[in-house]
There are 2 protein chains.
Amino acid sequence: MQPLPGFRDFYPPDCAFRNLIFSRWRESCRRFNFVEYDGPLLEPIELYQKKSGDEIFGQIYHFIDKGSRAVALRPEMTPTLARMIEAHFKEYRKPIKWFSIPQLFRYERAQRGRLREHYQLNCDIVGEAGLEADIELINLAIDILLSFDLGKEDFVVRISDRHFWTEFLRKKGISEDNWYAFFQAIDKIEREPKEEIEKRLGSLAKEVFEILENPPCWERFDIILEGLHNRGLGEFVRIDLGIVRGLAYYTGVVYEVFDRLGKFRAIAGGGRYDDLLKQIGGEDIAASGFGMGDVVLGEILREKQIIQPSFPRLDVYVVFPEGEKIPKGLLLIEKLRRSGFSVDFSFYPSKLKKQLAIAQSLNARFALFVSESIEEGVVEIKNMDERTQFSLPVDKLIEWLNQRAT
Amino acid sequence: MQPLPGFRDFYPPDCAFRNLIFSRWRESCRRFNFVEYDGPLLEPIELYQKKSGDEIFGQIYHFIDKGSRAVALRPEMTPTLARMIEAHFKEYRKPIKWFSIPQLFRYERAQRGRLREHYQLNCDIVGEAGLEADIELINLAIDILLSFDLGKEDFVVRISDRHFWTEFLRKKGISEDNWYAFFQAIDKIEREPKEEIEKRLGSLAKEVFEILENPPCWERFDIILEGLHNRGLGEFVRIDLGIVRGLAYYTGVVYEVFDRLGKFRAIAGGGRYDDLLKQIGGEDIAASGFGMGDVVLGEILREKQIIQPSFPRLDVYVVFPEGEKIPKGLLLIEKLRRSGFSVDFSFYPSKLKKQLAIAQSLNARFALFVSESIEEGVVEIKNMDERTQFSLPVDKLIEWLNQRAT
């Protein structure tokens, strides 16, 4: 039997790798004073319809539950966040800075960098409409990647703003009904042949291509770039009007993070979605945020071999005389474990040499020999790295280990 | 809009509480040298049919996906573990000691202590058929509860062994086809009136009730009790032949952990399932394990108010002059954050007093005043607890904070 296509088994090394990504994410969020929340993995499907329209049905896992409810495995976290914030908005100091690490699900063709499930760090600032919130979020996205020892030669944040294009479209007299099609055309620029895009853009094509080639000066871009420059982050970002983000609900600044060589899918992406909370709960609340998945990031980290998740060392392996588990040795194991040390031993003690080989293969720091001398309160301990061995009074053992634990 | 019935929103305090449970679980597993794995949340439904028969369909979330696969939200972790182990059994040193913290789903009437989703720590030892593995697992379950500051007055492990009853049934000449019905009768003893149970047990009733009242001596129980006694755990356990566990696949030792007053559902439960891997993958591999959910444990911890999850303190709140964000201050914030400190500030600086009030409400350790003096390399820092204030050279700030960070 196999896992479903697009789903992952996490054997211990993969699980350690995943958990290392999670812990770096959490640590970066802590440094930026974001607090963690989570929500249900299964949600009423209307939560996503409200936001993304019926087109979402084509890409998600949805079904009717035994209570006749139309439900979906969450394809993204933002609608859940919007629902949760909406219900308690007044109770929180603004701006609200929250993060979450949900597992998300999409029914799409599984391919490199795109599975049917992934974990996605979501960082959002709610209750602040100004560009300062977007700058803080872009700053956080950059700092997270720096925390994985990626540098400016590894990634770039490509920033745009939907306001730029909506101003442009308004000036051209294009009716709002056609804006979404326009954004879709821009969104596909790197994936479709130029002629296709030209067809989609119609009479606007020439001017749009010129703008993309040479982004004009624009006050909001100046503010963002200055804000990031002031924080020493100028070299990690550039304005790219080709970024609009696929989702319908973005209203302002949008950005995506890519590896410099363009070998991988987007590492992260986000933007401002000031209308979403109103759509979901009725209250007019500004919000902005980004998501960063574990799959593309993981591919890049593996390729660059930058992070090596390692298992914690075993502190103590207890060696018993062949065939015999001395009761006081078992009690000592329990005492050591309760004192915080990791301890293992053979359930059915065999030859000393074999037990020591297990200690070695478990990468134990110390082998602890329990023999009849434990009745007189004495054990032997071997430092497995230095290959030195000592006799120790049992009642000094924990103190002795505490001084040597790293 | 509400979450689905039986599903939970985790607002920051709830998420902190959940994460604290997770981290204690992980820490205990580390001390016992168990390593973490995980698997897919969605699995082919046959994985569960193989193990539990068709009765499972009544209690789980299952549907047909867009690729016409019959799939289920995992109701338990053991079948996934069996599939994963089976595929790579030969590569691992035995016994295999693994744990996982999956979220599990059941479509049942939501009630106290029983939601439609929960997180469940799963600890398993695979590749060891002897009672020593069961003893180690019971030991771990006890140590986990001790790590939450629960004691022998709070909980008890009730231990039994299906072998005891199968020996009994065999002696009585009861055919194997009727064993499952017998176990179901025993399993329901605490939930159904005595007359119902008597009906279910038929001619065996009188003798069974006597055995339950006065468990006879039996060699395997002696071994388990002696093993736990040797580890100093005798007062946490008792033999209770009324424990058989609902699931069909247990083959040997079984146990459940309850609060002493019997106010709550089982905190944890487990046992030996030596036939399961064979059923799923064909290989004859011994296995034993237990699960501990977050819901009942959480209820007990909340009632006893034993653990108080707390948010980490904010290290530094940066105070800017009213209306002005001095660029060198922004650069300093970025530097502090990259040095590991948690830092926050107001996006649009208002009156000093207001900014200090925010620092206070964020429980900041230090308020850092950035003013024009930063151009000369000097900042003011206020210890928010001691209400003392100092001038400091900017280039000594990180060293100064490092000495005072806890």
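Glycine is treated like the rest: Cβ placed from N, Cα and C.
Curation plays no part in TrEMBL annotations; they are all automatic predictions.
Here is what TrEMBL records for this protein:
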- B:18-321: domain 'Aminoacyl-transfer RNA synthetases class-II family profile' (DOMAIN)
- B:E76, B:M77, B:T78, B:R106, B:Q120, B:D124, B:R245, B:Y249, B:Y250: L-histidine binding site (BINDING)
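Shown here: features listed in TrEMBL, placed on the structure.
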residue : record                   : Cβ contacts under 8 Å, 6 or more apart
B:E76   : L-histidine binding site : B:Y48, B:L104, B:Q120, B:G291
B:R245  : L-histidine binding site : B:D187, B:V254, B:E256, B:G269, B:G270, B:G271
B:Y250  : L-histidine binding site : B:R162, B:V244, B:G271, B:R272, B:Y273
B:T78 (L-histidine binding site) in three-state DSSP notation: helix
Other CB atoms within 10 A, centred on B:T78 (L-histidine binding site): 24
For B:Q120 (L-histidine binding site), the number of other Cβ atoms found within 10 Å of its own Cβ: 20
B:Q120 (L-histidine binding site) in three-state DSSP notation: strand
Where B:Y250 (L-histidine binding site) sits in the secondary structure, as DSSP reduces it to three classes: coil
Average model confidence [pLDDT] within the domain 'Aminoacyl-transfer RNA synthetases class-II family profile' (B:18-321): 93
Most distant Cα pair in Å, residues B:E76, B:M77, B:T78, B:R106, B:Q120, B:D124, B:R245, B:Y249, B:Y250 binding L-histidine: 21
